[in-house]
Amino acid sequence: MRIIMSFHSKAISLSSISMSKLKIKLLVILFTALSFTDRSATASPSHHRYNIGDLVPLYVNKVGPLNNPSETYYYYDLPFCRPDPVIQKKESFGEVLNGDRLTNALYELKFRENITGKTLCQKRLRVPEVAKFRDVVSEDFYFQMYFDDLPLWGFIGKVEEESEILGEEGPKYYLFKHVRFDALYNGDRVIEIHAFSDPSHVVEIKEDAEIDITFTYSIIWNESSAKFENRMDKYTRTSSVPIIHQTHWLSFINSIVIIVLLMGLLALLLMRRLKNDIRKCADGDEEEDKEVGWKYVHGDVFRHPPNLSLFCAVLGVGTQLLTLVFVLFLLAFLGVLYPYNRGALFTSLVLIYSLSSVVGGYIAASFHNQFAATGWERSVRLVGILYLGPFVVTASILNTVAISYGAIAALPFGTIILILLMCACVAIPLLAFGGVIGYRFRSEFQAPCATKRIPREIPPLAWYRKTSCQMFIAGLLSLSAIVLELHHLYASMWGYKICTLSSILFITFIIVILLTSMLSVGLTYIQLSVEDHEWWWRSVLCGGSPAIFMFGYSIYFYARSNMNSFMQLSFFIGYNAFCNSESASLSIGEIWCLCVEILAQNGHCYTHRGCRMIKVTDKAFFFHVFF
């Protein structure tokens, strides 16, 4: 990615020129580091060609327990055969965030040359090393490697339970000492690779005895007709089997049924109410004191919300996150994001979030200036704190936990500095720039109905009309429509399921937007019908309520899974609570508020002097914000 920035000034001093040059150099270095996104992971036509006998690069990456995907360690934290010296491959920014630590290995795998039983090394395992292997074998540790940028996995050992008939108690632990590689080629290209831990080549490891072990490996090459451009397809096949598609279709049918039912109920509710109002007008009933309901709060619904700066910041962050989601979907449809494109997703997340700060600043400032001429700066500052603040605190705590475990999920100091520079040099300036643009192109809010000077007193509400009940209804209905897709999403995030169907996720996202739109109209109408005109914050709370149910479902998902370590639990709770759920809450809450604003400005306000019906024709909130 190349970003060209130019600074123009009519008259500047020599010192300011030096500072500008320094900033330009800093930005160039920063974006150069970030744009180095996984060249080694992309199968380009100019690379990955070998002659017979050429050494094909193989890198060891990491090891970790099968049941705890977030808990991974350096490969050479275990006493495997080590090269001298151990050289770590230079990783891109996204690879570091993804937890990849590629390192050289002693394996010598040559293109199209079969090897049988070649010795990797002979090693004497001391008692502490044997104990370490016993621990990882008992926890079903696996290893991951990359061969010509193709990922492969294998198990380190196995546990066998002895029969009581044999007179032996307790399980036996076996360490695999031989790895067999099966590789496929087409012409001068590597197409596929598998690693098998041979169960016939094992050695028993006892906790109080040293052992001598010889690690060996083999490789067998076979020709394939598959094209090099399609060699990553095998990693997406699990998402294309009929049972998976059937599950997705059942989820869509469930969502469509809920949407149709909501549309029908909403249409009946509104048509019945409007029909009664029109009939009363036709009968000449103009006695105002006999009328109750939503028509009498038209002078209060456009009163500016309390805590205006915070409310504007919520809208700004929500719009920024929606922009982030749509751009990620666009990159997935364009083929930029695909499985095992190491680090591409995390690099895109950091870059897009930083660049979309201009959207958050613009929305917060422009909406604030519709109600107040001053104080928009505070709204813009809150945009930078509202989401990023909890995220930084959560990430810092989880990084500390990872450091205590010695896991590779702990970010290096250089990566942390790079992220801070990204925020300081890109995100914050763009946030301020968006705020200035929103202030300069501000427009005064034109309420369709005059706002009364004294707020109308809200009558006592029944329990089922209060905010908590509406939040429960909105959250439960939204979750019921996406629960199946949510399960697949969590299985991909916290398991080994590969999520490759971007179109399915996009349709699910659209379903959430449709449900949010209809629920916002229906529940807000019910609220206004009992003369409760404080809808601003309730719209955000009801819109964000599905995030509470999503977090609750994530706890259920964790309880049903085999995840069991404290580090895995902390990562699961931390990122689900303060990242996924907060993101969903802010973005869906912003959609809810947008729909309610459009309803309020384009709905029908009644006055009863002469039984005139005033139809609101002002622009919708969407156009106020973006145009």
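Each residue, glycine too, has its Cβ placed from N, Cα and C.
Predicted automatically and left uncurated, TrEMBL annotations should be read as such.
Among the features that TrEMBL reports, signal peptide is placed at 1-43.
The transmembrane segment annotation in TrEMBL covers 249-270 (among others).
Note on the transmembrane segment (310-338): residues 232, 344-345, 348-349, 352-353, 356-357, 359-365, 367-368, 376, 379-380, 382-383, 385-387, 500, 502-503, 505-506, 509, 536-537, 540, 583, 586-591, 593, 625 of its chain, located 6 or more positions outside it, place their CB under 8 angstroms from a CB of the stretch. According to TrEMBL, the feature transmembrane segment maps to 310-338 (among others).
Sequence annotations record features per position, and here TrEMBL assigns transmembrane segment to 344-365 (among others).
The transmembrane segment annotation in TrEMBL covers 385-410 (among others).
Below 8 angstroms of C-beta separation, residues 23, 26-27, 30, 33-34, 93, 350, 353-355, 357-369, 376-377, 379-380, 383-384, 388 of the same chain, each at least six residues beyond the ends of the transmembrane segment (416-441), sit close to that stretch. As annotated by TrEMBL, transmembrane segment applies to 416-441 (among others).
Positions annotated as transmembrane segment by TrEMBL: 462-484 (among others).
Under the heading transmembrane segment, TrEMBL lists 504-528 (among others).
Feature annotation from TrEMBL assigns transmembrane segment to 540-559 (among others).
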Long-range neighbours of the transmembrane segment (462-484), counting only residues six or more past its ends (CB under 8 A): 247-248, 250-251, 254-255, 258-259, 262, 508, 511-512, 515-516, 519, 523, 526-527, 530, 532, 538, 541-543, 545-550, 553, 588, 592
